[in-house]
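Taken straight from Swiss-Prot:
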{"type": "DOMAIN", "residues": "1-263", "note": "domain 'F-BAR'"}
{"type": "COILED", "residues": "66-258", "note": "coiled coil"}
{"type": "SITE", "residues": "LYS165", "note": "site 'Mediates end-to-end attachment of dimers'"}
{"type": "REGION", "residues": "245-535", "note": "region 'Interaction with CDC42'"}
{"type": "MOD_RES", "residues": "SER295", "note": "phosphoserine"}
{"type": "COILED", "residues": "392-484", "note": "coiled coil"}
{"type": "DOMAIN", "residues": "397-474", "note": "domain 'REM-1'"}
{"type": "REGION", "residues": "476-539", "note": "region 'Disordered'"}
{"type": "MOD_RES", "residues": "SER488", "note": "phosphoserine"}
{"type": "MOD_RES", "residues": "SER501", "note": "phosphoserine"}
{"type": "MOD_RES", "residues": "SER505", "note": "phosphoserine"}
{"type": "REGION", "residues": "522-605", "note": "region 'Interaction with DNM1'"}
{"type": "COMPBIAS", "residues": "527-536", "note": "compositional bias 'Acidic residues'"}
{"type": "DOMAIN", "residues": "538-599", "note": "domain 'SH3'"}
{"type": "REGION", "residues": "541-597", "note": "region 'Interaction with DNM2 and WASL'"}
{"type": "REGION", "residues": "541-605", "note": "region 'Interaction with DAAM1, DIAPH1 and DIAPH2'"}
Amino acid sequence: MSWGTELWDQFDSLDKHTQWGIDFLERYAKFVKERIEIEQNYAKQLRNLVKKYCPKRSSKDEEPRFTSCVAFFNILNELNDYAGQREVVAEEMAHRVYGELMRYAHDLKTERKMHLQEGRKAQQYLDMCWKQMDNSKKKFERECREAEKAQQSYERLDNDTNATKADVEKAKQQLNLRTHMADENKNEYAAQLQNFNGEQHKHFYVVIPQIYKQLQEMDERRTIKLSECYRGFADSERKVIPIISKCLEGMILAAKSVDERRDSQMVVDSFKSGFEPPGDFPFEDYSQHIYRTISDGTISASKQESGKMDAKTTVGKAKGKLWLFGKKPKPQSPPLTPTSLFTSSTPNGSQFLTFSIEPVHYCMNEIKTGKPRIPSFRSLKRGWSVKMGPALEDFSHLPPEQRRKKLQQRIDELNRELQKESDQKDALNKMKDVYEKNPQMGDPGSLQPKLAETMNNIDRLRMEIHKNEAWLSEVEGKTGGRGDRRHSSDINHLVTQGRESPEGSYTDDANQEVRGPPQQHGHHNEFDDEFEDDDPLPAIGHCKAIYPFDGHNEGTLAMKEGEVLYIIEEDKGDGWTRARRQNGEEGYVPTSYIDVTLEKNSKGS
C-alpha cells in the first residue's frame, strides 16, 4: 500500500489530509496545555489551602501538642507534598508532551510545505511539456492544411488550359514549400510528443510516487508522535503515583497516630490548676436559740446564753466572706443533735423526752424557704483565663500547677543553655592550653574576651536558674500548705467560713470573729435576711493598678492601669487581694497586678 501508486491522482486530497493532520496535532497540544494549566492551578490551590490552615507559629507554645492536631498538621504536610507532585506532573507534561508537540508541529509544517512544492513543480513541468507538445501539434496541423491548400491550388492551375506556365510553376514551388514545412512540423510534433510521453511517465511513475511516499512517511511519523505523546501524557501521571501513594500512606499513618487518651491527658496537663476542690460546708444550726426547756427558769437563761453565743460567734464574719449570692448570712448556732430536739433537762439534772412543735415548724420553714448554699465553681477558672493581662516573669498570673510546669520548663531550658555554655568554656580552655603549649598555632590572649563572655553567661544562667528554682519551691510549698489548711478546717468543722478567692481556693482564719444579727424576739422573719445588705468592710490600705485587668469572671473587679483602689482584705497566699472602688464596688484583683500600700495600724491584722 502506497500513496504514490494508489493515490497518484489525489494531490489535492493529500494536501487537505496532511493539513488536517497538523491541525489535529496542534489541537492535541492545546489540550495538553489546558491540562497543564489545570494541574498548576490545582497545585497552587492546594498549597494555598495548606498555607491557610497551617499558619506560621511564632513560638513553641503555639505548636500543636494534641495528637489530633499533630495528625492534622502531618496531613497538611503530606497534602503539600501531594501538591508538589501535581506540579511535577505539570512540568513533565510541559516538557515531554506539550513542548515536543509544538516543536514537531513546526517541523511538520516545514516538511509538508517542501513536499507539496515539489509536487507542484513536477506538475508544472509536466504541464509545460504538454503545452509544448500541443503547440507543435497545432503548428503541424496548420502546416498540413496549408500544404493541402497549396496542392489544390497547384492541381487547379495545372488542369487549367488558360493558366500560364509561370503560374503553374509558382504554384508548384508553393506546394513544395508547404509540404516541406509540414514535414518539419511533423517531425517537431513527433519529438515533442515523445518527450511529453516520457515526462508524463516519469511524472506519474517516479516523481509523484516519490513525493507522495514522503508525504505518507511524514503523516505516519505524525501518527507515531501522537502515540508517543499519548503514552508520555499517561507516564507523567504514572511516575508520581508511587510518591502520591506514600503521601496517602502518610495521611493514613497520621490518622492512626491519633490517641484520644493521650489528648485527654494533655488537657489535664494543660489546664490542671493544682487547687483542691472546696470542702464540705459545715451544718449551720439556726434552731438552737429557740429551744426551750420545760422549766420557766431556764427559758430566759437559755435565750440570754444563746444570744451571747450567737453574738460572739457571728461578729464580723460577713466582712471576711465574699457572699456568692449577695445576701447576709443567717445567724450561727451550735450544731444540732438528735437529743437536743427531743430531750429537756429539769433543774435537778434529770432528762425526759419531749416533743416540741416549734423547732420542727422552724426546720420545715427552712427547708421550704431556704436557698441552697452552693459555691460557684466558675471562679475556679480564674487562673486559666488568657485575658489576665501581660504575662509576668514568675508566672504568678497562672494557677499553681500551670505555674509549676512553666517554671520547670524554663529551668530545663536554662539548664540546657548552661550546659552549652559550660561545654563552650571547656572547649575554650582546651584551645587556650593548646595555644599556650604551641604559640605558633594562635595567641592565647585572643580567647580571653570570649572566655570572659562565656563566664558571664554562665553566671547569669546560674542566677536565673536559682531564681526560678526559688519560685518553684515557693509554688510547691504554697500548694502543700493550702491543702493542709483546708484539711484541718474540714476536720475541726469550724463555724467560721473560709474566704473564697476567685480561683475557688479557701483561706480559713480561725482567729477572725464572727458577727451575727441583733437578737430578735418572737418569731424569726427569714425574709429580713434575704434583703439586708452587709456593712462595708473598713479599708486597711490602698493600691495602684500596675497593669489593666478585665475582671470578666465572677467575684473579680475590673481595673484600669493607674487606677487607685482601697484595700479591704490582704492577700492570704493565693495571689488575690480584695479591693473596693470609691463607688463601693468590691471584688478580687491579682496581687501581682497592683502596688499595695497598707496602713501602719492595719498591717498584720
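Cβ from N, Cα, C; glycine included.
Every protein chain shown contributes to the tally, and the Cβ of LYS165 (site 'Mediates end-to-end attachment of dimers') ends up with 8 other Cβ atoms within 10 Å.
Break the region 'Interaction with DNM2 and WASL' (541-597) down by DSSP state and the numbers are 3 helix, 28 strand, 26 coil. Annotation note: LYS165 (site 'Mediates end-to-end attachment of dimers') sits in a helical segment as assigned by DSSP. Summarising model confidence by region, the region 'Interaction with DNM1' (522-605) averages a pLDDT of 76.
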